[in-house]
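Below is one structure; the comments refer to it alone.
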Amino acid sequence: MSLEVIFGSNILLILVAYFIGSINFSIIVSKIFKKSDIREKGSKNAGATNMARNFGFKIGFLVFFLDVSKSFWFAIISAILRDFVPFFGAVITQLVVLFVIIGHVFPIYFKFKGGKGAATNLGMIASLNIILAIIGGIIFFAMIFRWKIVSLGSFITPFILVIFMIIPWMNSSIIAYVGYSDFYQPVRESFQGAWYLSSLFLFLAALIILFTHIPNIKKLIKKEESVLKFSKKSKKLA
């Protein structure tokens, strides 16, 4: 396989990933169903937590589900293309899915002002190993139960999961399909499946999420960060 094909296939999917990631469901849902821009309310963040705080748990969960889905399904589709379409045989799935997160944080459709990437990162994690996603959920909710601060769990949990991903079973088991065959055959044989790739790109994703939470970290230091509190009013989509 030529270098042109290797770079071309990865760049093509990176661009597609970025444009898909740029579809910010918080902004779209708030404008369509609530006739307002979520970026002008509450924390002004275009994410599921701010949606839940301002419009209720149900609509917040809808956005959360959609954000998780866009990275999860893009990872699955890109892995299928990698394994069954020769042109995409050298695609690094974890790399291209990282750009779904980047698109979510810096959406081209919304003046590069998007969400913080936590839910989209969860979709990437779930695609790599659903058990890892469950572990992440347990850690996240344990932190929420203890401190009732969503941002704290959002930027700490990804770094903890990077450590878990180093465990061989997490990145090379039968349910770790997306990360199992990272490169085309000659490279897979030389690097034994490039086991480190999933951990590497999860770490990069964690750094992005840490960056987006810098304002929250400053508030935490000043003890001004918001505690978990959803709207008690009954909210409907229409």
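The backbone N, Cα and C atoms fix where each Cβ goes, glycine too.
Listed by sequence, the residues of this chain that lie at least six past the ends of the transmembrane segment (5-25) yet keep a Cβ under 8 A from its Cβ atoms are 46, 62-63, 66-67, 70-71, 74, 78, 81, 87-92, 95-104, 106-110, 114-115, 120, 184. Look at Swiss-Prot and you will find 5-25 (among others) tagged as transmembrane segment, backed by sequence analysis.
Within its own chain, the transmembrane segment (61-81) is flanked in space by residues 13, 16-17, 20-21, 23, 25-26, 29, 47-48, 51-52, 88, 91, 93, 96-97, 100-101, 104, 115, 119-124, 126-128, 177-178, 237, which lie at least six positions past its ends and keep a Cβ under 8 Å from the stretch. Per Swiss-Prot, transmembrane segment is recorded for 61-81 (among others).
The transmembrane segment annotation in Swiss-Prot covers 88-108 (among others). Counting same-chain residues at least six beyond the ends of the transmembrane segment (88-108), those with a Cβ under 8 angstroms from any Cβ of the stretch are 1, 5-6, 9-10, 13-14, 16-24, 27, 67, 70-71, 74-75, 78-79, 81-82, 114-117, 120-121, 123-124, 127-128, 178-179, 182-185, 187, 197-198, 200-202, 204-205, 208, 212.
Beyond the transmembrane segment (125-145), the same-chain residues lying 6 or more positions past its ends with a Cβ under 8 Å from any Cβ of the stretch are 68, 71-72, 75-76, 79, 94, 97, 152-154, 156-158, 160-161, 164-165, 170-171, 173, 175-176, 178-179, 198, 202, 228. The transmembrane segment annotation in Swiss-Prot covers 125-145 (among others) and rests on sequence analysis.
Here Swiss-Prot flags 149-169 (among others) as transmembrane segment, drawing on sequence analysis.
Residues annotated as transmembrane segment in Swiss-Prot, with sequence analysis given as evidence: 194-214 (among others).
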So which residues does the transmembrane segment (194-214) touch in its own chain, when a touch means Cβ under 8 Å and the partner is 6 or more beyond its ends?
92, 94-95, 97-98, 101-102, 105, 115-118, 121, 124-125, 128, 151, 154-155, 158-159, 161-162, 165-166, 168, 170-172, 176, 179, 182-183, 187-188
